Amino acid sequence: MAVAALYTQYNRVWIPDPEEVWKSAEIAKDYKVGDKVLRLLLEDGTELDYSIDPESLPPLRNPDILVGENDLTALSYLHEPAVLHNLRIRFAESKLIYTYSGIILVAMNPYKQLPIYGDAIIHAYSGQNMGDMDPHIFAVAEEAYKQMARNNKNQSIIVSGESGAGKTVSARYAMRYFATVSKSSSNAHVEDKVLASNPITEAVGNAKTTRNDNSSRFGKYTEIRFDERNQIIGANMRTYLLEKSRVVFQSENERNYHIFYQLCASAQQSEFKHLKLGSAEEFNYTRMGGSTVIEGVNDRADMVETQKTFTLLGFKEDFQMDVFKILAAILHLGNVQITAVGNERSSVSEDDTHLEVFCELLGLESSKFAQWLCNRKIITTSETVVKPMTRPQAINARDALAKKIYAHLFNFIVDRINQALQFSGKQHTFIGVLDIYGFETFDVNSFEQFCINYANEKLQQQFNLHVFKLEQEEYMKEDIPWTLIDFYDNQPVIDLIEAKMGILELLDEECLLPHGTDENWLQKLYNNFVNKNALFEKPRMSNTSFIIQHFADKVEYKCEGFLEKNRDTVYDMLVEILRASKFHLCASFFQENPVPPSPFGSAITVKSAKPVIKPNNKQFRTTVGSKFRSSLYLLMETLNATTPHYVRCIKPNDEKLPFEWTYIEFYSRYGVLMTKQELSFSDKKEVCKVVLHRLIQDSNQYQFGKTKIFFRAGQVAYLEKLRLDKLRQSCVVIQKHIRGWLQRKKFLRERQAVLTIQQYFRGQQTVRKAVTATALKEAWAAIIIQKYCRGYLVRSLYQLIRMATITIQAYTRGLLARRKYRKMLEEHKAVILQKYARAWLARRRFQSIRRFVLNIQLTYRVQRLQKKLEDQNKENHGLVEKVTSLAALRAGDMEKIQKLESELDRAATHRHNYEEKGRKYKAAMEEKLAKLQKHNSELEIQKEQTELQLQEKTEELKEKMDNLTKQLFDDVQKEERQRILLEKSFEQKTQDYEKQICSLKKDIQALKDEKMHLQHQLEEERVTSDALKGEVAQLSKQAKTISEFEKEIELLQTQKIDVEKHVQSQKREMREKMSEITKQLLESYDIEDVRSRLSLEDLEHLNEDGELWFAYEGLKKATHVLESHFQSQKDCYEKEIEALNFKVVHLSQEINHLQKLFREETDINESIRHEVTRLTSENMMIPDFKQQISELEKQKQDLEIRLNEQTESMKGKLEELSNQLNRNQEEEGTQRKTLEAQNEIHTKEKEKLISKIQEMQQASELLKKQFESESEVKSSFRQEASRLTMENRDLEEELDMKDRVIKKLQDQVKTLSKTIEKGNDVHLSSRPKEYLGMLEYKTEDEDKLIQNLILDLKPRGVVVNMIPGLPAHILFMCVRYADSLNDANMLKSLMNSTISGIKQVVKEHLEDFEMLSFWLSNTCHFLNCLKQYSGEEEFMKLNSPHQNKNCLNNFDLSEYRQILSDVAIRIYHRFIVVMENNIQPIIVPGMLEYESLQGISGLKPTGFRKRSSSIDDTDAYTMTSVLQQLSYFYSTMCQNGLEPELVRQAVKQVFFLIGAVTLNSLLLRKDMCSCRKGMQIRCNISYLEEWLKDKNLQNSLAKETLEPLSQAAWLLQVKKTTDSDAKEIYERCTSLSAVQIIKILNSYTPIDDFEKRVTPSFVRKVQALLNSREDSSQLMLDTKYLFQVTFPFTPSPHALEMIQIPSSFKLGFLNRL
């Protein structure tokens, strides 16, 4: 399609205008190729013939539907006038400062504070997709935060733009957003410290310029660090290219850095007096720009704020004062006066006060500093020369020193801030915020502008690569064929600056030369690049500057000062003086330290586009240019490793980005262009393709993706033109038909009027022509003749008719009289017949009713007899079962007794066997002891022999020492072996003893348990025996009633005989009557004759009561049936009476047998009691056995010690032998160490040995006795254990049998009592157990109660088929029990445990809505129970008298009621939070985005911003989703028994959230502010109101919370043009604030071309009316607002006595009292 085809009539274009830049005009005549003039119609109505060039037609204007779009890429024509117009509409008319341009956020500086940055706005954007809300810096921040959290990838926000565009503010708001949405859980206030770094850096790095009062004069990249939970754990700041020249020079109307003026404004304060400062006008460095004050800024107050932020970051006052000293020293340095001494020299007076203060503050020698400030030292290879400097050179040296000091101070402050922002925690990801200078061009551009523009070239390159990469990814995602896009690549400019032999390298090379100058460097540039590089130019009229073609514009740079600024050098002697400063901070700035590692990390490798020379000179590497280039490379590496997001101010350009529509949007928008055949297709995607192929022939102008259609520039405008043409044609057709209909209607009305006028006019003319005197007389005579003639004719006709009528009446009346007579005669006969027939039918009906009544009476009596007989049968069956069970029980008891006797016999045999074993064991031990004694005697003999040998052969012993030693050693070894054998045997015995002791302990414990169990069983047996006694007594009583039963049976038999006689008499009477009636009927009438004579009414009457000819047969059948029935009943009665007689006899026998069994049972119980007492007495002996065993162990140990002493005593004969034996014994064990030192005399050893042998004999005897007793005890224990286990099993079986017998007897007793009551017809009142409404529990069961009833309870198992608040009622019944005991500790413990249990279960289920609802309900019920039964009159008004008896008697629990109320409030608040969290993601999609009214959709193009990775991929929510979620909340609350008032409060809170979230989203989404969207919202509100009505919640005030949203929807739909409209808006929108009304009016966006925007004048009218209001200035509603909750007192209607505990609660340990 040719572009010229778009220049048709009614389309609009933009033409240049000298005043408004661009002016809009409408094409008045179609453009044809070759036309030189375009006929235009201006907006003021004037026509214009605009001269055009066919090659460059005027730019087309976008359709009105696209004007004011959120995204510039949504514009069909993206050119300068379109962009400017869109921005003007949004900024000037809609008061919107943010606009998207694809992935870029364009921010326009309003130069005033706007109410769009509050916490409510932050929460509104939190969690939202980037394209769903109005453009905002928070939307970009949320997108970065969401992508970081979702993809675990680092992010960057690049904020750029011209000076004064608001970069710093935007970066500050982005950081504030992160600090708000990602608050850490620690108490370190990380977010506050991160934000506090901004005021400090702005104070030392920002200044007033001609464009901005708070201009950042450095670049800053702030990394905000997050942990794995996406919470802030710290930050790090990198700075770039501080404008140091501003310290010593400011242009006109500019200022130095803010910190200097803040310090001067606070100079008179006491803590700053030692700095000897004055006002800013007194110092050269602060008064140079001539503007020391900024309007509206209080420097003194800002100084206080700066100090506060220093303190917040942890900087102490000493550190702050050190910083202020250096700043003051810089100001004093600037005031040092340098005077010229001739042309070659300069000097500084040592008496200069500012010099003295400077040196005093920095701890310097004033004389040296003054000397080297005016001189410099030149070191050559052969000598060192001191060269004086001229005054300009000295001033330059002073200024260079000031810049150097300030640069060091700035870097030092940044480093300390970074240290303060380091917190504990592992960094997971980060988001970087880059606040960097934008492209700059001034009248005079120097080295700073060159570096700034170089940085912007690098950023632009990174931006281009990222944008087109995203575009290509979008094309690949949609399967659109694409080729590489030819876009502007600024790599040549970057190569010109940074490549080998580029501008920066030549500058560094010139800086190396001792005599390098700016002119020489510039000449090198001319030689290398002029006419060789198209991007470098030489100005025509200047030889001191050069021009570079940047991506934004050409910039001319002055070469003056480039070398000096690049070198950034300070003379060595001045550095040496400062290095020797006594002020530690100043000295540390100039220390010769190695270059610190880069804060950007060493892992990053820097690669330039072209090879760069790697110089070796250190000085070259440290130039400003090289450092800036390195830091810029590192910044680019960081940005390329992150996902960037852009916030910047850009200039319009002709770059054309493709325009996108989704298939649904296209189908909805251009459905009017589709034919009926195309609309009949079911696949909308195919319809779109067919329509596009038909409308746009050139398929290259669009591409079809998976979900979107992509158009080239201008195609959407062409489609809009076709749509408008179609609509215009449709309007013309409609107008044609309507106007034709109106004209035809008018024509017909006029034609009818003309005909009427003609008729009357012609009649008048005829009358006038015909009326004369003769004609009048003739006419009068004719009338008279006609009168008489007509009268005669009429009279004759009347007389004829009258005669005929009379004749007809006579004949008719005679006929009717005869018919009437005949009819009366027939009716008289019929009446007689009917009388007899009806009498017979009445008698028949009476007899049938009488028979029916008799049958009912008879059946009733028969049923009573049957019931009595059945009850008697049941009773007899029960007694039979009882007798059989008792007989079986008796047999079982006899078997048990036999078993017990057999067990006793076995126990006796076992005991005998154990005694024999004990005797054998005793004999073995005696033999062992005899052997030991024999061995001891042998040892004594040996000792005596050795003594004799010692006395007689002392010398022989000396000679035969070796042999004797060996012999003794052999003997010792033998003894040692024997000793080891003994020890092993004793160890084995001890182990056996220990095992036996353990087994005995276990047996003892088992016996104890069995003892307790038996005692418990005995108690139960006592209870059952008592119950059996009672039941036997009852049975004995009931046996007395058997005689009464017999009497009753006889009575029944007599009644039966009477009934039979009566029935037989009735039968006879009925037969006789029936025979008489049938005879009379058959004799008097013929059936057919009667039937033929009866009328239809009589037949119907007969059919109601039964036909006569079937009556006789029916009566016969009935009598036969009754006879057979009575006969069968008679037989049954006789049989049952016989059975009853037999059962009564049998019952009396069973009762006697039961009495015998009961006596036997009591005997058995007595025997069991004796056995238990015996067991308890035996159990009392167990401690004695334990004591004997322990004594036995002690004696065994003593025996071992004595045996060891005996063996060791034989080893002390010789000193050498004793040493050797000591060494051996040390290796064997530590137990014998105490015996190695015994080297006493042989006589003492002999005496000890004798005494030990005696003790050993005694010990062996004791050991024998203990072994015997131990074996006896063991055997007795085993016997008793086996016997008790068997008895235990038998007793358990007996108890089970007895339980079953008792249950059967109880059932039989119940049935017997019922039969007795029925037999006597005595209605005795039943007496069930009367419960007290308490639950008995033990103190040790309290934890189990809380665990089972609170912690482990599942709501879903409770809310079904149980009373509401059942756990609360159970808890209160336990409280009543503790109160009845008057046990304060018990009650206090229960209440505290209950409250802590509720808190714990709520804490464990903070996100479980059902659990929170359940425990909120139970907490409220528990609180109500405490109030209802407190005994206070105000809570007892609605109680029943029985409920008042259940009130607490001993304790006042009002304090616990308050605690429970607080707990309930906390649960309610958490309950509301969970409700809000569940429904909040559904609100905006369901209430705002979902189109509940089909056919009025207002879809618009979404633009490039919808390509964000944050597009929600979840299922789309609808209004039905909202209603379903509300219904889920409501049903859950009702199921859990929540109070209706609390339900209403919760619904009100949720409805407030729905209204607030929807309204907030509406206020922040300009695309939603349309008339059609207002209709959709109003429809959705009606759904909510219908839901309230359906749930009977109209009185919950929930509807009122939707009033602001309802008024906003009304405001979108109402007319907005006239003064009356403005007044109506003012009067109706009372729930909306003035700010909200104005916001909606400014955001109102027409969806269709036939709608009109709200004019600014109308907005001003409404604003003037709203100025009288005194409402909130907040734009957003507070979605976190909570209504005050009240817990109504609702007494429980449930009686505590009737409450039962379900088994599923596992509370079997509770007992109902």
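Cβ atoms are placed via backbone N, Cα and C, with glycine included.
The annotation ATP binding site is assigned in TrEMBL to Gly161, Glu162, Ser163, Gly164, Ala165, Gly166, Lys167, Thr168.
The feature domain 'Myosin motor' is assigned by TrEMBL to 67-661 (among others).
TrEMBL lists 662-724 (among others) with the feature domain 'Myosin motor'. Confidence for the domain 'Myosin motor' (662-724), expressed as mean pLDDT, is 79.
The feature domain 'Dilute' is assigned by TrEMBL to 1392-1668.
The feature region 'Actin-binding' is assigned by TrEMBL to 632-654.
The Cβ of Gly164 (ATP binding site) lies under 8 Å from the Cβ of Asn109, Thr209, Arg211, Asn212, Ser215, each of these being in the same chain and 6 or more residues away along the sequence. Of all Cβ atoms in the shown protein chains, 21 besides its own fall within 10 Å of the Cβ of Ala165 (ATP binding site).
Residues within less than 8 Å, Cβ to Cβ, of Lys167 (ATP binding site) and separated from it by at least 6 positions along the same chain comprise Val159, Ser160, Gly161, Ser216, Asp435, Ile436, Tyr437, Gly438, Val647. Per DSSP, the secondary structure of the domain 'Myosin motor' (662-724) breaks down as 39 helix, 8 strand, 16 coil. Comparing the binding-site residues Gly161, Glu162 on other C-beta atoms within 10 angstroms of each C-beta gives the minimum for Glu162. Note on Gly166 (ATP binding site): other Cβ atoms within 10 Å of its Cβ, all shown chains, come to 23.
Cβ environment of Thr168 (ATP binding site): Glu202, Asn206, Asn214, Ser216, Asp435 lie under 8 Å away, each six or more residues apart in the same chain.
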